[in-house]
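Annotated features, as they stand in Swiss-Prot:
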type	residues	note
TOPO_DOM	1-41	topological domain 'Extracellular'
CARBOHYD	ASN10	N-linked glycosylation site
CARBOHYD	ASN13	N-linked glycosylation site
DISULFID	CYS18-CYS29	disulfide bond
CARBOHYD	ASN24	N-linked glycosylation site
TRANSMEM	42-67	transmembrane segment
TOPO_DOM	68-77	topological domain 'Cytoplasmic'
TRANSMEM	78-104	transmembrane segment
TOPO_DOM	105-115	topological domain 'Extracellular'
DISULFID	CYS114-CYS196	disulfide bond
TRANSMEM	116-137	transmembrane segment
TOPO_DOM	138-157	topological domain 'Cytoplasmic'
TRANSMEM	158-178	transmembrane segment
TOPO_DOM	179-210	topological domain 'Extracellular'
CARBOHYD	ASN190	N-linked glycosylation site
TRANSMEM	211-234	transmembrane segment
TOPO_DOM	235-315	topological domain 'Cytoplasmic'
TRANSMEM	316-336	transmembrane segment
TOPO_DOM	337-351	topological domain 'Extracellular'
TRANSMEM	352-375	transmembrane segment
TOPO_DOM	376-430	topological domain 'Cytoplasmic'
REGION	396-430	region 'Disordered'
COMPBIAS	413-430	compositional bias 'Polar residues'
Amino acid sequence: MDVVDSLFVNGSNITSACELGFENETLFCLDRPRPSKEWQPAVQILLYSLIFLLSVLGNTLVITVLIRNKRMRTVTNIFLLSLAVSDLMLCLFCMPFNLIPSLLKDFIFGSAVCKTTTYFMGTSVSVSTFNLVAISLERYGAICKPLQSRVWQTKSHALKVIAATWCLSFTIMTPYPIYSNLVPFTKNNNQTGNMCRFLLPNDVMQQTWHTFLLLILFLIPGIVMMVAYGLISLELYQGIKFDAIQKKSAKERKTSTGSSGPMEDSDGCYLQKSRHPRKLELRQLSPSSSGSNRINRIRSSSSTANLMAKKRVIRMLIVIVVLFFLCWMPIFSANAWRAYDTVSAERHLSGTPISFILLLSYTSSCVNPIIYCFMNKRFRLGFMATFPCCPNPGTPGVRGEMGEEEEGRTTGASLSRYSYSHMSTSAPPP
């Protein structure tokens with residue numbers, strides 16, 4: 001039996017569905033003959049094995065890298081570590097108990113495993129969603145409200161939030177071990193098989209439950225993340241625009257100074273006020289002016305590097321969010337659809353559509369490590385450093401790569417449009 005399918009199939013109306021001829025890959029009608037497709041088991045085994053291996057390898061590698069490299073244990077990476085653990089849990093505890101019963105056409109692992117697998121799957125999805133919401137809010141605070149967020153943007157606070165998300169998720173998903181049970185059915189050879197099904201007492205409870213999950217795991221988190229990342233994108237755009245204006249103004253002032261002599265006015269940010277000094281004073285202040293210009297160039301370069309690092313992190317997190325919803329929204333939408341209109345849902349989703357939806361839901365467990373590897377340099381360095389056989393690419397804890405290493409200091413504040421100019425000149429880069 002397909003364990004993810006236990007979220008989609010509640011076990012009700014099995015007989016009526018078979019009588020109507022809605023045969024599919026979800027074991028609605030195992031007691032009814034249907035054409036055999038010899039290539040389907042091979043393709044199913046291949047795809048599930050590929051996703052399983054990628055998920056186990058990728059998430060284990062992410063966990064290992066973050067544990068071994070202390071300088072990578074930033075606030076955001078702590079949430080990503082929790083995300084990797086939940087994905088690994090989904091893979092290990094659910095996929096084998098999904099594929100094997102699907103191939104054998106019988107859930108052979110017993111009632112306890114049926115309850116455990118559905119419970120862990122629901123919990124892992126909930127933890128992943130709550131972690132993504134926490135990451136988006138943490139990023140919003142670090143970039144848009146750097147000074148106000150310094151109080152709570154700490155590793156200890158992140159650990160408390162993660163502990164709360166896990167406890168909340170385990171609490172919310174308690175109906176799964178309570179109402180998941182084995183449902184017997186008669187096979188074609190007149191032997192009795194079992195299906196693992198999530199059975200609520202009545203249709204009203206079924207509809208309420210799936211609507212509740214759709215709200216707390218997708219609609220509300222989706223709105224929160226879209227607003228947070230939208231405000232972050234706006235803040236980054238304003239910072240880039242403000243920096244471009246300042247650089248253009250500085251270049252114009254430099255050109256004007258070179259052509260018409262020293263200027264009397266300055267904006268107080270990037271250029272120091274200058275006078276008409278005597279030759280002796282100019283000669284004495286030349287080294288100091290050169291040092292000041294060098295510091296300003298370092299500040300400008302540091303601000304640009306920090307800004308680009310933050311943009312890379314935001315792109316990575318946005319892709320994670322989009323792919324997560326792309327993978328899980330179909331199955332939860334299908335759950336809600338079937339809860340309100342069982343016959344129509346089974347008619348349209350039976351066969352290939354539901355098979356694709358179920359496989360897509362498991363793909364979420366392997367995409368996050370791929371995103372880390374391709375979109376973040378520090379993770380790539382950490383991946384290579386994990387293996388002794390690989391050449392040492394250097395310490396993966398180089399500052400500025402992830403953009404969170406300096407949270408709460410000048411880096412986080414420098415991305416605010418108004419602190420962008422003042423914080424960058426208040427002190428040299430640490």
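Here the Cβ of each residue, glycine as well, is placed from N, Cα and C on the backbone.
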Structural state census, the topological domain 'Cytoplasmic' (138-157) (DSSP three-state): 13 helix, 0 strand, 7 coil
Proximity of the transmembrane segment (316-336) to the transmembrane segment (158-178), 3+ C-beta pairs under 8 angstroms: no
Cβ contacts the transmembrane segment (158-178)/the transmembrane segment (42-67), at least three under 8 Å, sequence gap 6 or more: no
Predicted model, mean pLDDT over the topological domain 'Extracellular' (1-41): 41
Top Cβ-contact partner of the transmembrane segment (42-67) among 78-104, 116-137, 211-234, 352-375 (pairs under 8 Å): 78-104
Reduced DSSP assignment, CYS114 (disulfide bond): helix
Cβ-Cβ neighbours of CYS114 (disulfide bond) (radius 10 Å): 27
Cβ packing number for CYS196 (disulfide bond), 10 Å threshold: 28
Tally of DSSP helical, extended and coil residues in the topological domain 'Extracellular' (337-351): 12 helix, 0 strand, 3 coil
